[in-house]
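K.L.:
Mind having a look at this structure? Questions to follow.
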Amino acid sequence: MSETKRVRVRYAPSPTGFLHIGNARTALFNYLFARHNDGDFIIRIEDTDAKRNIADGEESQMTNLKWLGMDWDEGVDVPGKYGPYRQSERQSIYEPLIQQLLDEGLAYKCYCTEEELDAEREKQKANGEMPRYSGKCRHLTKEQQAEKEAQGFKPSIRFKVPANETITFNDMVKDDVSFESNGIGDFVIAKKDGIPTYNFAVAVDDHLMEISHVLRGDDHISNTPKQILIYNAFGWEPPIFGHMTLIVNESRRKLSKRDGSIIQFIEQYRDLGYLPEALFNFIAMLGWSPEGEEEIFSKEEFIKMFDPKRLSKSPALFDNVKLTWVNNQYVKKLPLNDVVELSLPHLQKAGVVSAELDQAELDWVHKLVSLYHEQMSYGAEIVPLSEMFFADAESITFDEEETAVLAEETVPTVISAFKKELEALEVLEAAEVKAAIKRVQKETGVKGKGLFMPIRIVTTGEMHGPELPLAIEVLGREKVLNRLDTWLKNN
């Protein structure tokens, strides 16, 4: 294909589920490639398998792509001259092309039943052979075909794969790739109901939409020789193909949608309060890397840098720890108001703040979130991070290490003195709390960890956390005094 041809790429999902991290990566790399080359990014919906399509599947794809920060030049919602952009609306385009292959003797009608095909495959497996269609309907006469149809058999249409050919293409990721035609077998291009199969519809659509490059996961690489054969049959020039390595989990196994231990759908990350810019950044580095060690880039920087030559030949590791780190880098840069907006729905969902906040409660939420602004990785994390602010004094328990600290003989004296200091304060602000702790130090003679750690553990229930005076201010006078009093009564 001529290198000067306008770059036109597509993301072509099936509306059979929600936007998966792997599909999002395919869309993102195509988007970056198009924008880097001032080309066109097209969304095409491959919805011919009606039984597998789900309600809202198409909407989920589009909504979440937009949320991630992608836009497109043509698609079901952006009309263009190459439409329709749903395969289910292109049947009138496919039918004459299928008939053309039949008329030219490049395809034929197959009357085999599923039972016959299953039996054929099982026999081949038992003989240690690669399962592929035997071609037994390939040489049926017109009379034999008519007899089959008179008996009520509906044919599928199979492509005649030429014998003894090597199908070779230069892949953007894998370099030269070859397949032997003898290992493919005549494949179905139209089902018994006349609906074209994936490989036929994709090849036709990519040609008619003038797709210049096909960048997709390498689970599609076995489809490529079939699509090239279809291109050749029509005398069309194939696009340039690129097959990205798959995404694997920490066990180096292919990321499976059935693995519930890993969050894999974009909608789930949205619901947890991840930032679209951070997910964009993380996904863009799944199997692609720029020069240098930097890992945080804007969308504009990714567009400027993107080069498919830097796509990895090794599987991309999905590292959830890395994702939360990336998201934290973005959260830290947000203004506090934005972090509050990110956190508030999760606090409300947990029932720890009101559904309708007055100004005083909203101000308090700002103080709470400010304690965790630097630490927070995503919106929903505010709930477990801040749970000690909502616990009742009676429900606070101490682990072995905390219990050991509180067993020191000076602790009751420190806690009593601190309680007395707080009771004398009219306003519980961080500066006043800090001064009160200093007075306790002077009064008791206890300092350092022996002073701060018992106060922290009794008031917050934790050995580590936000700066202690600030945490006590946010906890509030009543709650802190209640916790101090409860501990003293029980000890």
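Glycine is treated like the rest: Cβ placed from N, Cα and C.
The feature Zn(2+) binding site is assigned by Swiss-Prot to Cys110, Cys112, Cys137, His139. For Lys257, the entry in Swiss-Prot reads ATP binding site, with the evidence type sequence analysis. Residues or ranges marked as motif ''HIGH' region' in Swiss-Prot: 13-23. Sequence annotations record features per position, and here Swiss-Prot assigns motif ''KMSKS' region' to 254-258 based on sequence analysis.
Map these features onto the structure and tell me what's around them.
P.N.:
Long-range Cβ proximity for Cys110 (Zn(2+) binding site), meaning a same-chain Cβ under 8 A and a gap of 6 or more residues, is found for Tyr133, Cys137, Pro155, Ser156, Ile157, Arg158, Asp186, Val188. DSSP assigns Cys110 (Zn(2+) binding site) to a strand segment in the three-state reduction.
For Lys257 (ATP binding site), the count of additional Cβ atoms within 10 Å of its Cβ stands at 13 [all protein chains shown].
Taken together, the residues in the motif ''HIGH' region' (13-23) have a mean pLDDT of 90 on the 0 to 100 scale.
If one looks beyond the motif ''KMSKS' region' (254-258) by at least 6 residues along the same chain, the residues whose Cβ comes under 8 Å of a Cβ in the stretch are 17, 20-22, 246-248, 264, 315, 318.
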K.L.:
With every protein chain in view, how many other Cβ atoms are within 10 Å of the Cβ of His139 (Zn(2+) binding site)?
P.N.:
8
K.L.:
If I take the alpha carbons of His139 (Zn(2+) binding site) and Lys257 (ATP binding site), what is the distance between them in whole Å?
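P.N.:
His139 (Zn(2+) binding site) and Lys257 (ATP binding site) have their Cα atoms 42 Å apart.
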K.L.:
Cβ distance under 8 Å to Cys112 (Zn(2+) binding site), same chain, sequence separation 6 or more: which residues?
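P.N.:
Same-chain residues close to Cys112 (Zn(2+) binding site) (Cβ under 8 Å, separated by 6 or more) are Glu120, Tyr133, Lys136, Cys137.
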